[in-house]
Ligand SMILES: Nc1ncnc2c1ncn2[C@@H]1O[C@H](COP(=O)(O)OP(=O)(O)OP(=O)(O)O)[C@@H](O)[C@H]1O
């Protein structure tokens, strides 16, 4: 129960609703427990009439009053049971909502390394399945426990006042029932988990194969794929049958135990009546109803215990994530003014998860408003430099200064707000093109969007779509070409008009002619902004104020296009190679 303590703040938040819920539960049960008493009394009236103890008129009027009371009690019990569900189950939904928001908010502040260390499926499970299990504790578990306690206390008082001996025989088999249900629930849960795992395997398989349907068709591997699906699917069928078998035992077992308890009450009650220890026959009828009324809540103890155990395990998993501190912390609350110059002084960086030493003693300086181009072989550390400027990671050695302030001493939000970043693989959301561009600046007007798209040379492509800027992208929308995605991603960055622009190889999928036009536009747009262009092409780098060439995390060349084309080395070789490729 330690992990579930996390929920206490929510119980406190909704305390008034919970108290009202508990109060209503008690009232509902008190009314429900009128029924056995009234039936018992009605049978006594019938018995008195048969024995001639009362007249026909008295018999009719007493029976009529009892029936009226019975109907009244049933209606009131029904109304209060409805209200009980409305209060307690609603509270569980409120808490579920709050907990989901808390987890999602926390996910948002965690650093990239957290996302690398945990699978997406795991993150999704904690926010959906685990929260769902916790809700079962907050709602049904609490409701059934309250139900059971009230029913037991009230029923036992009534029963004891009628016949202490019969009460003992009535409650005796109940613990056995509870333990049996607990054991069965445990097996049901274990098998449900296995079914769940096999279902998620099946859905991951289908999801992946639907996404890669073009590869499957082009390699003509439909038949082996079908075969793999059949194997997974039949595995799932076996697990489902295993689960159904044990589930099928649940109700028969309950009915058997209710039957045994009923027999005991009938036998013991009958014997006590014959011996004169019970005065009227109605008491036996009353007890028979109590047996039926108490069995279900008692069976629920086993079920509820299981719910609580599962909720505890789920909350423990949730707490593991909630406890995680973001590795990248905002060290300063007040917003910082970001000046555009960037300085790397002997910076070394090793990725914590892979231990890859991506940068080794890297030093360079860009004045505010100037452009730096970074070239180098794949894996040489170019993107890592951009990640470090956005403080997605903290460095191990050296200093990064933005303006005149060390990067760690800047307000993290101010820093990131002042950066327009175009990643290597453009990610677009399943939303309209307009909203994807506006993502960089929520309050942008339609004109701003069009200007940004024009500068990124994607405006005419967008206009070719039937719905223009309202064209929806993604799974159920249109699929863009790699180059179109890159250009929308560029539009998203420049619409922000940030002080620092970072382009990570974002023109790789456009032809050289379009690249030229975009670069001219970017030159204009980023006139007074600090710009870093990472590229594999000399054409993207040649107009930069300064160029650095990286190899295995070290700077191997620095200079301008003019100076580097004069010097023997990587840049000159690349230049010659790409010029001859162009001529071919
Ligand atoms: N998130 C990460 N976690 C762990 N290691 C990483 C991560 N990103 C990059 N690396 C490693 O760091 C090294 C430098 O990678 P980086 O992406 O900076 O190279 P790059 O020069 O941008 O390459 P490319 O031109 O292919 O984009 C590589 O060896 C890469 O495997």
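A Cβ is built for glycine as well, from the same backbone N, Cα and C atoms used for every other residue.
These come from TrEMBL:
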- 19-310: domain 'ABC transmembrane type-1' (DOMAIN)
- 20-43: transmembrane segment (TRANSMEM)
- 63-83: transmembrane segment (TRANSMEM)
- 141-160: transmembrane segment (TRANSMEM)
- 166-184: transmembrane segment (TRANSMEM)
- 249-275: transmembrane segment (TRANSMEM)
- 287-308: transmembrane segment (TRANSMEM)
- 342-577: domain 'ABC transporter' (DOMAIN)
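Outside the transmembrane segment (141-160) by six or more residues, the chain places 18, 21-22, 25-26, 29-30, 32-33, 36-37, 84-85, 88-89, 92, 166-167, 170-171, 287, 290, 293-294, 297-298, 300-301, 303-304, 307-308, 311 with a CB less than 8 A from a CB of the stretch. By number of Cβ pairs under 8 Å, the transmembrane segment (20-43) is matched best by 63-83 from the list 63-83, 166-184, 287-308. Proximity of distant same-chain residues to the transmembrane segment (166-184), defined by a Cβ-Cβ separation under 8 Å and at least 6 residues beyond the stretch ends, is recorded for 156, 159-160, 246, 249-250, 253-254, 257, 260-261, 264-265, 268-269, 272, 278, 283-284, 287, 290-291, 294-295, 298-303, 305-306. Distant neighbours of the transmembrane segment (287-308): 1, 4, 32-33, 35-36, 39-40, 133, 136-137, 140-141, 144-145, 147-148, 151-152, 155, 158-159, 162-163, 166, 170-171, 174-175, 177-186, 189, 254, 257-258, 261-262, 265-266, 269; these residues of the same chain sit at least 6 beyond its ends, with a Cβ under 8 Å from one of its Cβ atoms.
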